Amino acid sequence: MKQTFVHDISHQLQSAVFSSGLTTKLICLFCIIGYCLSFSPQCVRVLAVIPGRVMPPNFWIWTFFTHSFIELHLWHTIIDIIVVFLYSKMIEPLWGTKELLKFYFIVTIPNALVVTFAYIMFYGFTFHEEYLFERPIYGLASFLGAYSVVIKQIMPDTILATTPLLKLKQDHVPLIIVMTSIVLWLLRAVPIHFVIMLSFGILISWTYLRFFQPHHNGTKGDMSTTFSFASFFPPLIAPVISVFANTIFELFVKIKLCQPYVKKSNVMSTSSLTITIPGADAADADRRRQKALKALNDRMKIKDSTTEAWPELDDAQQSPLLPATTHQVDNSSVKIDMNNLMDISSSRKDDLNQQATTS
């Protein structure tokens, strides 16, 4: 079982590497280069975001672009590369290279600003200068969190694993990785900025995909119910989250940060009523296409396993459970004479007629 799992992962990763686009390969290449440069403290100081250096009079603004490529640990780098390659294999063909690159900077740059502001607030509460100069902000955690949101949008309600207690769906992945990052931070396996970047990477990516991402049909965002903010949470607390999210959305509409939610209805025909949700057509079509491809791959795997499990029993490969002797039937030894059958049937009819007349 373990060998099969490792073989499947390695096969998928190999196919993802060769089929990935230019943006994906550049991100992974820069991650490898950033990890190699991380052995130099001076390079980390120049390329990672340091809150005290981005403020006046230094203005190290370029670090907002370079911080995501720096990783100090090898296992962080390996996870980044694997996730980027596997997820980009599904995302880049749907979006294109330019949209994926734009999405990368939309997620990583504002995230670095958020963590920088958080560190400044920590300094204001504690007056520890380490938050300004000794704690660099780095890593691709925000982009990994954003990827979990994109996969949820493309393949909602996809079951990843089944347990006796519950079913693990793709909708649960963003919340699970946030809770896991908090546990790792409590165990001091990751720094605090990792938790902040992962959480806000999910929030920023959902905001962009929900309200602002342009589609080919001229609409923006994805207003489908399967992509609401409450759908990220368990059903028990989803109604409470929905009320809170709707309140924030109405506030953003009033200050004109978001467009109001509008449904377009077509009532030209009295026999049907068509309601169009902005941004949902393209997103739903992509989700249906991904589900169809996944179902087709699963069926092909089942077919291949069935073919391998039931080989043909010929003379060269005979099952050891069967006896060694074989009985062959000569096709020419079984003959049916139609003339004799006709004579027998006609004689039986004559006998029946004679019995009828005598009676």
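Positions of Cβ are set from backbone N, Cα and C atoms, glycine also.
What TrEMBL lists as transmembrane segment is 21-40 (among others).
According to TrEMBL, the transmembrane segment annotation covers 60-88 (among others).
When Cβ-Cβ distances below 8 Å are used as the criterion, the transmembrane segment (100-125) is approached by residues 21, 23-24, 27, 49, 51, 54, 63-65, 67-68, 88, 91-92, 131-132, 135, 137, 140, 142-143, 146, 193, 196-197, 200-201, 204-205, 208 of the same chain, each at least six residues removed from its ends. Annotation source TrEMBL lists transmembrane segment at 100-125 (among others).
Among residues of the same chain six or more beyond the transmembrane segment (137-155), those with a C-beta under 8 A of the stretch's C-beta atoms are 27, 31, 44, 47-51, 67-72, 76, 79-80, 83-84, 87, 90-91, 94, 103-104, 107-108, 111-112, 115-116, 119, 170-171, 173-174, 177-178, 181, 193-194, 197-202, 204-206, 209, 222, 227, 231-232, 283, 286-287, 290-291, 294. Residues or ranges marked as transmembrane segment in TrEMBL: 137-155 (among others).
Sequence-distant contacts of the transmembrane segment (176-209) (same chain, at least 6 residues past either end, Cβ-Cβ under 8 Å): 103, 106-108, 110-112, 114-115, 118-119, 135, 137-139, 141-146, 148-150, 153, 221-222, 227, 229, 232. The transmembrane segment feature in TrEMBL is assigned to 176-209 (among others).
Under the heading transmembrane segment, TrEMBL lists 229-253 (among others). Same-chain residues lying 6+ beyond the ends of the transmembrane segment (229-253) with a Cβ under 8 Å from its Cβ atoms: 152, 156, 171-172, 174-175, 202, 206, 210, 259-261.
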